[in-house]
Number of protein chains: 2
Amino acid sequence: MSPGGNGPTTLAELGEFALIAELVRDLPASDEVLLGPGDDGAVLAVGGSVVVSTDVLVEGVHFRRDWSGPGDVGRKAVAVNVADIEAMGARPQGVVVGFSAPGDTEVRWVLDLARGLRTECAEAGVNLLGGDTTRAKEVTLSVTALGTLDGRAPVRRSGARPGDVLAYAGRLGWAAAGLLVLGRGFRSPRAVVDVQRVPVVPYGQGAVAARAGASSMVDVSDGLLADLGHVARASGVSIDVSTDAFEIPETLETVGAATRVDPILLVLTGGEDHALAATFPPGSVPEGWTTIGAVTEAAEGGPGVLVDSSSFAGVPGFDHFRPGARR
Amino acid sequence: MSPGGNGPTTLAELGEFALIAELVRDLPASDEVLLGPGDDGAVLAVGGSVVVSTDVLVEGVHFRRDWSGPGDVGRKAVAVNVADIEAMGARPQGVVVGFSAPGDTEVRWVLDLARGLRTECAEAGVNLLGGDTTRAKEVTLSVTALGTLDGRAPVRRSGARPGDVLAYAGRLGWAAAGLLVLGRGFRSPRAVVDVQRVPVVPYGQGAVAARAGASSMVDVSDGLLADLGHVARASGVSIDVSTDAFEIPETLETVGAATRVDPILLVLTGGEDHALAATFPPGSVPEGWTTIGAVTEAAEGGPGVLVDSSSFAGVPGFDHFRPGARR
């Protein structure tokens, strides 16, 4: 089937099985894929244990077709989920993808999305292991990612200890800045709009952090303060973020000036960047990571996140069922 | 939070994090769960390689809220996916669940669904490892199941050889019979309606078949002939199903008489039962399996499925994007 020719143009015309055949055609696979798509399940060689995480992306909630092309949607679906595997200190190995869409969805759109999935799998160094396609009223992508710890212990949210240093790798505030300008009808600065469409996950840095001895790690999906809040509560500590430690990129300064939003707010509370934030014993922050704070005993109000040693008054993150709610 | 009390009654009122806390409360886990829900990923001990499969269930396509209660929907979501792991000859170990629903969905409905997930996980002997919840316009469940081969090779679709014997375990035609009576406004016979709501997967029989030397295996999701068609084509053989070999259960006879549908058609083409169909070298069909046919060299028309040594004229199965299409 050639989507550019006189072939079927909608999913209903193409049919489920022809669609799947298109989606898995010439799929690359590493030696670790013992069995790829086409059977009831795929088989992946793992080192004794497997790390697994799943994410669902829904049209209108996690992406908008008028803001993101299909390739971006596919890339984002892989990126956000592989980031979770990285955040466990694991090496991402593979993903399976559940895809549902209306029957009148254009085949070309779906194939572009599939290309995006493959592109990001290549970026992340993971195998596309299989999936499921089905009809639905809205476009939904559910990605489950698998990875191996290569014999290491998982880096959990609960391991931060007083005296540890807080550091991050990746980008912070870029996706929120992109959302801000898109929401106001602009398409620039291009750099932040691109990151809103496809987060730039610091692939490989999860395992780097684990090898360096990270005591806790999380990927920043809801916002730095919100996600560090999970770490602080799970670890029973306070985490003090120093705003002075951030070098605000010029692009974020530009967006801040144009929208009258303090760019440090974007950095501290913006979600969807999927940077990695981790705590390390003093002196063990690996290269490529930026130190941005410290872990202390739980403050008087209990475990939580402080900004410049004070409690933060804003909204630290996002709740899917209560988009306006504070948490 | 007590859903029976004065607590929030909709997801929007409850919020994402309170929902997750409810969903994972007192979650049982086997020793193989090295890390359960609550972090970026879960960690599962596996024997060197992991079998993975994913399925998406969409309201209105795979279940109807007026036909199935939330507990049934939860159970079915686990059952259909674990059946895929069984069909690889693997031992199912765990599932992750992606759940999306509108904000006005009743919390009670979701908690009942979660109870159904747990019930079927217990039935199947698998661990609920984690998941993702998000807002959407329609209720969608995406389940990814993981299992271990315990050192065996996977039982693929491509291994059927001329001379092998075809056998199945589980039920065939029951779910289709249930759909048939529900579609005509009846709620009985209860036995088939129940199976339509929650398939009775022959848990454990996948590994039994693998240990017995099964040369190929598939779970019957689209219909016996349709799914055997995948096996026949992947193996380059013909598979000849003998209708005489089936003992039609009285319940299917009753439905057939009431609806004027030949019950053997339900058995041969009915989907959603998630029985296991496998081919075995002669003399090695394990106990609990029913022999229903034989594998031969590919017939003149090429690899495919025969019924009583003739080609089948009906519609062998279901296409999600073309519900009326023949394949």
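The backbone N, Cα and C atoms fix where each Cβ goes, glycine too.
Per TrEMBL, Mg(2+) 4 is bound by A:Asp40, A:Asp84; the candidate from A:Ser53, A:Ser68, A:Ser100 named for the same site is A:Ser53.
Ranked by CA distance from A:Arg157 (ATP binding site), the binding-site residues A:Asp40, A:Thr54, A:Asp55, A:Asp84, A:Asp132 have A:Asp84 at the top as the closest. Across the structure, A:Asp219 (Mg(2+) 3 binding site) and A:Glu272 (substrate binding site) place their CA atoms 9 angstrom apart. Using a Cβ-Cβ cut-off of under 8 Å to chain B, the binding-site residues A:Asp84, A:Ser221, A:Asp222, A:Glu272 reduce to A:Asp84. In the structure shown, across all protein chains, A:Ser53 is the one of the binding-site residues A:Ser53, A:Thr54, A:Ser221 with the greatest number of other Cβ atoms within 10 Å. The average pLDDT computed over the domain 'PurM-like C-terminal' (A:161-253) stands at 95. Taking A:Asp55 (Mg(2+) 1 binding site) as the reference point, the binding-site residues whose C-alpha atoms are within 10 Å of its C-alpha, out of A:His62, A:Asp84, A:Glu272, are A:Asp84. For A:Ser221 (ATP binding site), the binding-site residues whose C-alpha atoms fall inside a 10 Å radius of its own C-alpha are A:Asp84, A:Glu272, out of A:Asp40, A:His62, A:Asp84, A:Asp132, A:Glu272. Restricting the binding-site residues A:Ser53, A:Thr54, A:His62, A:Gly131, A:Asp132, A:Glu272 to those with a CA within 10 Å of the CA of A:Asp84 (Mg(2+) 3 binding site) leaves A:Ser53, A:Thr54, listed by sequence position. DSSP classifies A:Asp55 (Mg(2+) 1 binding site) as strand under the three-state reduction.
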